[in-house]
Amino acid sequence: MSSILPFTPPVVKRLLGWKKSAGGSGGAGGGEQNGQEEKWCEKAVKSLVKKLKKTGRLDELEKAITTQNCNTKCVTIPSTCSEIWGLSTANTVDQWDTTGLYSFSEQTRSLDGRLQVSHRKGLPHVIYCRLWRWPDLHSHHELKAIENCEYAFSLKKDEVCVNPYHYQRVETPVLPPVLVPRHTEILTELPPLDDYTHSIPENTNFPAGIEPQSNYIPETPPPGYISEDGETSDQQLNQSMDTGSPAELSPTTLSPVNHSLDLQPVTYSEPAFWCSIAYYELNQRVGETFHASQPSLTVDGFTDPSNSERFCLGLLSNVNRNATVEMTRRHIGRGVRLYYIGGEVFAECLSDSAIFVQSPNCNQRYGWHPATVCKIPPGCNLKIFNNQEFAALLAQSVNQGFEAVYQLTRMCTIRMSFVKGWGAEYRRQTVTSTPCWIELHLNGPLQWLDKVLTQMGSPSVRCSSMS
């Protein structure tokens, strides 16, 4: 390998020898791409070695990597950019780009703790875990620190541990099967589904106290929001959300109301495409549905061709597009990143403008009205769906009958608008009044509902939760 660096120290060569490689790239241009990857990895390792030599932690890093031992000590670097990169405290937030990263050509550290090596950005523990352990790693949501790591990323200390063997991959929890009684009665018509599309939803801001780029969501919801008539809507919430908190709905604590019924276990299975995304401008569907197969993907406003990890809205045409929609599309920018990791879905705002999310599952978690729209500012992320919470609600709803289960269909649909919000606090009061928005259908939970509804007894007119 012809290095772009004038000299590669022996310790860097040794550490690069332990680098984990992804599957063979193959195809035209694979050699050039691999060469660029090798050069980037060399830069990342050389930069880290340079920093660790100053603190005497280099030997511990080499020991951890060569022995692959989690009982090694923490290998830390400062978590503030001014300490590690010598940047002046005069650097303001306005000087950082849309991901919170200052643009230096070699290696920089952002205000939110992200690291940039040769124009490629990421959190330092993610970069080095990807390099030495998991080449397919996408996000910090996929990692959790081992118990004896004193400087884990989640602890938000002045220093952060980059020892790749102090982190583990988050495993997707196995959802318990739902015991479904086979009912003999056949419904003559499908029960009405609660629809909040044309109602005026309440609004809430991103939960207070959550730091940007943090995967921590406080258990205590924000104070009760204000309804249209100016009164707090806590009473309305209590009436609407009478299913209790997710912690109270563990499937293991629920039992069928009639033990004499024929009970059949209905299991959850992961589909090939975990979600489907449709793009709308006002009330008009635009373009084809995007089917997500990768655990991490972005929906942005650029004109690059879409691929399995990227849904670009910039190329989509609409003859009915007006000036407001056109202007909004210009401000989508880097859009939103969606993660599906460990049975949880996260939305991270990458745009310079906020995104607005209506997630009944998230609203259930915080005790908000099911139709509440949450504003997510730039640089922040929010958990918008949790499979285990949904499984608990499904297990409880089965005991309440076909209609209660069917009502869970709306929990599997998430609406998200770019730049412009909607709801009681906005001029636009329905999602179809916003210039640019997307609708996510979570295929795994929807297909699980289908199987449960079929087991419970399908209506005479065939209609499923996917219809």
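Including glycine, each Cβ sits where the backbone N, Cα and C put it.
Of the given residue ranges 96-100, 221-225, 441-445, Swiss-Prot assigns the label motif 'PY-motif' to 221-225. The Zn(2+) site is defined by Cys74, Cys149, Cys161, His166, and by the 8 Å test on Cβ atoms against their centroid, the other residues of the chain that qualify are Lys73, Val75, Thr76, Ala145, Ile146, Asn148, Glu150, Tyr151, Ala152, Val162, Asn163, Tyr167.
Between the candidate binding-site residues, Cys74, Cys149, Cys161, the densest Cβ environment within 10 Å is the one around Cys161. The distance from the Cα of Cys149 (Zn(2+) binding site) to the Cα of Thr8 (phosphothreonine) comes to 31 Å.
Across the structure, Lys19 (N6-acetyllysine) and Thr8 (phosphothreonine) place their CA atoms 16 angstrom apart.
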